[in-house]
Amino acid sequence: MTGHIARIRMTRLVVGGRDVTVTAAFVTLIVLLVAVAAVTSDTFLTQTNLTNLLKQMVTTGLLAFGMLVVILTGGIDLSVGSVVAFSGILTAGLVADLPIPVAMLAGLLAGVGFGLINGTLVSRFGLASFVVTLASLTTIRGLAFVYSEVPIAPEDPAFFTLGSAMAGPLPVSTLIMLAVFVAGGIFLTRTPAGRSIVAIGGNAETVRLAGINVPRHVTLAYTISGACAGLAGVILASRVGIAQPSVGVAFELDAIAACVIGGASLAGGRGSARATFGGVLVLVLINNLLNLYGVQSFWQQVLKGLIIIAVILVQRTNRVRG
Amino acid sequence: MSLELRGVRQSYGDVEVLHGVDLTGRPGEVLAVVGANGAGKSTLIRILAGAQRMTSGELRVDGERVDLRSPHDAHARGIRTVYQELSIVGGLSVTENLLMGAFPRRRGGLIDWPEAHRRAKKLLDSAGFGAIDPRMLAGRLSVARQQMVEIAKALAGEVKVLVLDEPSAVLAGSDLESLFALIRRLRERGVLVVYVSHRLAEVMELADSIVVIKDGLIIATTEPANTSEAELIGLMAGRRLEQIYPARREAPAETRLEISGLSRKGEFEDISFELRAGEIVGLFGLVGSGRSEMARCVFGAEPPTKGTGAYRSPAASIAAGLALVTEDRKRSGLVLGMTVLDNIALATMRANRRGPLIDMAGRKRRVTEMIDRLSIQPGRCATMPVAALSGGNQQKAVLAKWLLAGPRVLILDEPTRGVDMATRVDIYRMVDDLARQGLAVLLISSDLTEVLGATDRVLVMRNGRLAGDLRSESTTEDEILAHAIGQAA
């Protein structure tokens, strides 16, 4: 009746009673990617490329963390790419009339608002997250074009600061993303709300009977994802210097891929901020490497897909137990 | 067909769970395997079923050494297994479940439905389960009937060895009789039936030989004529159990829960009762009598349509000192993907904070204390996934979660179902201790002996209504059952 599932048997690496096989495999993979890049490409270790790489990580990173929180509840947020476009173009549009920080805050809040709506529809009305966020993907994309059909490029150079400023060797935007991961990791492991979100993905009924307000926490998860997407949109517009209503198509796929590479279960209840950050690193390094090699973009997509499958197969061995 | 296990060892990672098991079963024999939760019964079953390859040792069938690589291999040798966890597909008909993958076809490849239903009917009849309509959706059948379909399915091919894992856990009354009759017929036909059960009374009635497994070893092989239930319990537990149920407590004190006229449309009607501090009240009723639904409603999991005394939400219940240990620990008691620590701390996260963060050290200390107090095994299991614990220990983990919340009223819904006798005794003792400390306990159970032995008072529900309120000292199992099926004098 049930088919046989191929299982890869691997020697396990155990340190201090903890199975660290996957962590070790991850670190090895990232080190390997960096080493290969450094040896085979003259450009990889140049400051320009590394700074670029760090800046490019920001969007995927922010979206991936937000996506992780939603995935942990057992849901999915397909709307993040459209939110990136909307919050970017809203911020760029408002810069003409408002102080820049206020305009940027408005962009972020737009993301929060969309997340709140997604979350409410999923948790209070019991709709499937896939359907809700698919609908908001197209709605929000449409709103971005309604707001401005043409790209908006603010002239005030202060608009570019958030995306391009450096703090020593590191871009400020990268530091913001790292801060989100650190705070997010603490949120997920050490706060009642974070633990509740993880537990809801594992078994919502158990959580409900433990006296925890499930709809409120599910709404919170989508709101966090919306906030991350809003922030990513503002930073992206600031970095590129121009906000386009068409930006961010298929960004949700990289975010989901980063979570899955990091071992998150799409069924919910399993995944961590640290591992997702690892997933982001792997994705961004692969992208960068393929670019440096001048691999044609369609082949890049093919390779990326194959690499994701390979990484997930290795991940699976962690779950094979008695 | 004779079956022989020799020196079977099984390890998961560094942990060896079977330490060299020898077992012999002869054709036409009912071989009962009894043991506490975590003794290694399930692993043994998985090895026989071909679902798990033994680490070392050998399996001999009619003296010939065989290597079962998959469940398919086991089927091919006539070894069929019915697991405790059912594999029925609810959205398909009984016929489809029975014939899965082997449908009779018309010319052109389409399924010949009339013939399929005939075959399914024949299969059910020959198993003695003729009351089941093969055209029904399997999901519409009661769990007991689903179990019967599962057994009939195992008998579809040529069966020489039938392994039954806790087959009677969900069966009662005439269904149980049908199962026993079937097992006796199979024995006459020369089938070896390996019967794994916690219910020692059944084992004593059915088995030709009994093996007791404890901590991964067969520690005794005996026959019903040469042993007693008490001796088996002692062997399983590794200690002598003088008394299963604790002695009675003193008279109950003030009222802790007062339910009046509680109704929920389609589930139960006009339920009134009260629970007092220091009292253990049993709630008995047949499956479908509305017991669990009523308890969930009292706890605030579902709103009532009428009546007073129930809480508005689980959060309100918890704030008032209620705790509900639900019937199905996998569906509503545990988050299986999380650790023991996370699970036990789940209901008390908000109460134990330092600023916005959980007090991690304090949480671990409290949970570890609770693990020790309830002797959840293995002892240092706080960081293990809760799914790695055996059934009885998972049940204790659910209980630990609620005890951490410091309840004043404890509702236990079938807390000992699928739990071995030794753990049961632990649970009865613990519940008794709690009552002595002044908790009010409502113990929902379908086990008559338990509902009578472990309680002070027994409420009986029938068809959603309260049908009896009896004193445990002065009533009998027969009287309780008579109220439950509506034939009380």
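Residue 1 is the first one shown; counting continues down the chain.
Backbone N, Cα and C atoms are what each Cβ position is placed from, and that goes for glycine too.
If you look up TrEMBL, you'll see A:20-41 (among others) marked as transmembrane segment.
Among the features that TrEMBL reports, transmembrane segment is placed at A:62-86 (among others).
Residues or ranges marked as transmembrane segment by TrEMBL: A:98-118 (among others).
Counting residues 6+ beyond its ends, the transmembrane segment (A:125-147) has Cβ neighbours under 8 Å at 70, 75-79, 81-83, 85-86, 89-90, 93, 114, 117-118, 222, 245-246, 252 in the same chain. The transmembrane segment annotation in TrEMBL covers A:125-147 (among others).
Within the chain, the transmembrane segment (A:167-188) has long-range Cβ neighbours (under 8 A, six or more residues past its boundaries) at 51, 54-55, 57-58, 61-62, 65, 68-69, 72, 194-195, 197-198, 228, 231, 235, 238-239, 272-274, 276-277. TrEMBL lists A:167-188 (among others) with the feature transmembrane segment.
Taken from TrEMBL, the feature transmembrane segment applies to A:218-237 (among others).
Positions annotated as transmembrane segment by TrEMBL: A:249-268 (among others).
Here the transmembrane segment (A:275-292) has long-range neighbours at 22, 26, 29-30, 33-34, 36-37, 41, 43-44, 49, 52-53, 56-57, 60-61, 64-65, 68, 181, 254, 257-264, 299-300, 303-304, 307, 311, meaning same-chain residues at least 6 beyond its ends whose C-beta is under 8 angstroms from one of its own. Annotation source TrEMBL lists transmembrane segment at A:275-292 (among others).
Annotation comment: TrEMBL describes A:298-314 (among others) as transmembrane segment.
When Cβ-Cβ distances below 8 Å are used as the criterion, the transmembrane segment (A:98-118) is approached by residues 66, 77, 79, 83, 86-88, 90-92, 129, 132-133, 136, 140, 156, 158-159, 161-162, 219, 222-231, 233-234, 237-238 of the same chain, each at least six residues removed from its ends.
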